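*Asks:* Annotations for this protein, taken from TrEMBL, read as follows:
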REGION    1-28  region 'Disordered'
COMPBIAS  1-12  compositional bias 'Basic and acidic residues'
TRANSMEM  38-59  transmembrane segment
DOMAIN    79-282  domain 'ABC transmembrane type-1'
TRANSMEM  79-105  transmembrane segment
TRANSMEM  117-139  transmembrane segment
TRANSMEM  159-182  transmembrane segment
TRANSMEM  203-225  transmembrane segment
TRANSMEM  263-282  transmembrane segment
């Protein structure tokens, strides 16, 4: 049976933060009445701590020589490798993380809580510890590395190693963002579809995923941004080889160590521009996916 009429009638009213009429409820008067004014002081300090260093970096960027710095072969190679590996790792995060997020949103119990805890481990590990852990698992003498080596596959010091690192550090971000959106889906809509004869796969495809799509897209963009900026675990596990494992953050480190601060600033600006683009896409993408 087709679930589209059921979904079209109930999707709008089920979205978190939206009123029954589909319009956002006015909260400005309530916010003014319940928000202490003194909160602006620590809030401004927090923004200054975040924006101040970025502003200082932008003030020191050599704008006149920027085209030459960004047009160098090393910078272009690092950019291409960063984009390719980040896109690949994001795709893997979606393919592996979305089923995990769906299970987390549906199931409860001690084993599910344990699985959630395991998933969040990369969030609290230091980059160096993450790199060493990956080395002992995926390296030539590691648990998975020995099996791959017996099959003639070596992931060490290759773009595949970069992708493995990025998936390791980015997967929790995608799952957490998707889980928040999946958990907000109205269970009554899903049960209505089930009582109408729809199977679990049909409900997931036509009800659950469309309703949670904004959060899933935001999670994918968040995973991409995290992959793009990965440094510590990459240099520990994959090394820094031009054209193979030297991504933009590693190219920045090499430029600083080579006494080329202007080149490092130029690449920093490139990364900031990519991050802003990701934020813009997240804003536009989730905004268009929300029902009007």
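Note that Cβ sites are derived from N, Cα and C of the backbone, with glycine treated the same way.
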*Asks:* Quickly jot the same-chain residues contacting the transmembrane segment (79-105) by Cβ under 8 Å, restricted to those at least six beyond its ends, or write none.
*Replies:* 112, 115-116, 119, 159, 162-163, 166-167, 170-171, 174-175, 178-179, 182-183, 185, 204, 208, 216, 219-220, 223-224, 227-228, 243-248, 270
*Asks:* Which residues of the chain, 6 or more past the ends of the transmembrane segment (38-59), have a CB below 8 A from one of its CBs?
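*Replies:* Distant Cβ neighbours of the transmembrane segment (38-59) are 265, 268-269, 272.
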